[in-house]
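Sequence annotations record features per position, and here TrEMBL assigns domain 'Arginyl tRNA synthetase N-terminal' to A:1-88. The feature domain 'DALR anticodon binding' is assigned by TrEMBL to A:476-596. Here TrEMBL flags A:123-133 as motif ''HIGH' region'.
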Amino acid sequence: MELQEKIIITLKEAFKSLFDHDLTVEDLSLQPTRKEFEGTFTFVVFPFLRVTKLNPEASGNKLGEYLVEHCDEVIAFNVVKGFLNISVSESSWMSVFQNIYANPNPALLPSNGKKVMVEYSSPNTNKPLHLGHLRNNFLGFAVSQILEANGYEVIKANLVNDRGIHICKSMVAYKHFGNEETPESSGLKGDHLAGKYYVIFDKEYKKQINELKSQGQTEEEAKKNAPLMMEAQEMLRLWEAGEPKTVGLWKKMNNWVYEGFEQTYKKMGVSFDKFYYESDTYLLGKDIVEEGLKKGVFFKKENGSVWVDLTDEGLDEKLVLRADGTSVYITQDLGTADLKYNDFSIDKSVYVVGNEQDYHFDVLFKIMRKLGRPYGDGLHHLSYGMVDLPTGKMKSREGTVVDADDLIQEMIDTAESHTKELGKIDGFSEDEANSLYETLGLGALKYFLLKVDPKKRMLFNPQESIEFQGNTGPFIQYSHARIASILRKANQVGIDYRTDGFDGLTKLEPTERDLIVLLNDFGKKLRLAAEDYSPAIIAQYLFDLAKEYNRFYAELSIFNEADTKVQSFRIALSAQTAKTIKAGMKLLGINVPDRM
RNA sequence: GGUCCUGUAGCUCAACUGGAUAGAGCAACUGCCUUCUAAGCAGUAGGUUUCAGGUUCGAGUCCUGACAGGAUCACCA
């Protein structure tokens, strides 16, 4: 049984025995004791004064005395105002440590038999990935790992937006200005090549608009009548009709993009179990519209358009099918939701999509629940804030974006020069060194984007945002490398740091105890991160853990320690910390080096 | 304008979901490498938690109203 659980149960008994009052375990909770007070757990007695009918101090004292007497682990207590601070014996902490140390993988809770799909990335195929996509991809991958560690079976899905007016724009521009350019002939990655023509389209389109405006058309007319735009619209019609030449060009350009994406995904370290393509799904959902009409969830207006009325849920009326019978954005999402369920019979479905689509998903989920879908309550929009630059919002058409490939490379280069400056690569082969730079550069980038609460909008300053010191990925990686070094030496010297090497040890230094407390928290954090869909909780925890370890490292010596039991224990404590850091970082999709 | 999200040290972020004197990192300053990796450790300084009310033993956290920033409100995706 967990230590905290045991204390809470004893508290429950205390209320029964001392005050003849029944409480549930859920009524009682412990919080960490603040650093300036003696103790590890604190029980706040204020809410129970009505039950104890005593003043706060007396209540705390009564409960504290009961705990010391009836709970072996509790060795002392003190009461400050209404706060009962509980001290746990050092031998209890030792046995807590023995328990967690025996677990080979701290980041793996038993299977819960449930299936969840996490849809993330979901790029458009007309341009390369940028900084905003990085946040999406890292979040999606990390949340998948976290859910898996919590016992879910996870299907990582990517719904590729491969059709529509945007890709037609790139195609039109390529037709006019491409001169049969290919990734090979241009030396450009396929996604960058497609993006180049998307930008060209916009540039030429704007020229045409200005020309038409100078001929007396309004802005609105000009936007509609510009030949390039009309051509793009026509191309979309041809595509939908399956016209072979158009489809051929579409396939050719998309394949270039996919090759480019594949490289970037590989570099980012993210992966998918299932790809969906909108070219396959964009016609789905019409049967659901029919179903909704039959069930009375939807209604038809005079012109034949179909709507859902969500005013009773605090939203508005929303169109789900046009008067001419064609789909809108949400129509296909209705269909895709069912498709996912039919493919995998999932219990939960998570959509990692920016907060600009909050309203859309609110509507989508409410509709699915009204339709009585079995997975309705398992739908979740992991909504994250935009990544802004100091110059403001990123706009891909205007070229004010931080390109994902460029940024990753920049991070790796920075890691390289920083590492060389510190002179830390003695004895590294070239391959090892390069792999280290990649680990550190990506670690810094991923940690930076994941440590912030997903729903918060964040600022990215290319010059200043990425550091290698303080609350950063490399700081945590460094802590791991330090421990790895200790373990190498311990193995070399032949120190036994398995449990029997320090059995019977009862004396603990404060930093050692603090480390055990933190290590013991990992499971709780893991659950919380899954409940909140928040890798930031793991990131924050790992920083705290690394920080605490570095304090321990600075304060106490291992190899100069005369008592061999203490020595073995400190190495075991180090090993457990490394294990936890490695497992936790893996949840974030970050590797940790053994040397740096 | 309606709805939703956000507002905490100069900057970037925490605060265990209502608990004690609001904590870290960066930047600044002071110490610590003849000892296991100084990408580290210890310390100093930095705050009316945007503002005004309210709820209660207790509010950064909940409620109301301002103010500021962002998103969204198409027979676009």
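The count begins at 1 with the first shown residue.
Note that Cβ sites are derived from N, Cα and C of the backbone, with glycine treated the same way.
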For the domain 'Arginyl tRNA synthetase N-terminal' (A:1-88), would you mind checking the mean pLDDT of the predicted model?
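Mean pLDDT, the domain 'Arginyl tRNA synthetase N-terminal' (A:1-88): 92.
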Taking a Cβ cut-off under 8 Å, which residues six or more beyond the ends of the motif ''HIGH' region' (A:123-133) line up next to it in the same chain?
158, 160-162, 164, 166-167, 169-170, 189, 191-192, 194-195, 198, 253-254, 257-258, 260-261, 264, 354, 386-387, 389, 394, 396, 401-405, 407, 460
Would you list the DSSP helix, strand and coil counts for the residues of the domain 'Arginyl tRNA synthetase N-terminal' (A:1-88)?
42 helix, 19 strand, 27 coil
When secondary structure is assigned with DSSP, how many helix, strand and coil residues does the motif ''HIGH' region' (A:123-133) contain?
3 helix, 2 strand, 6 coil
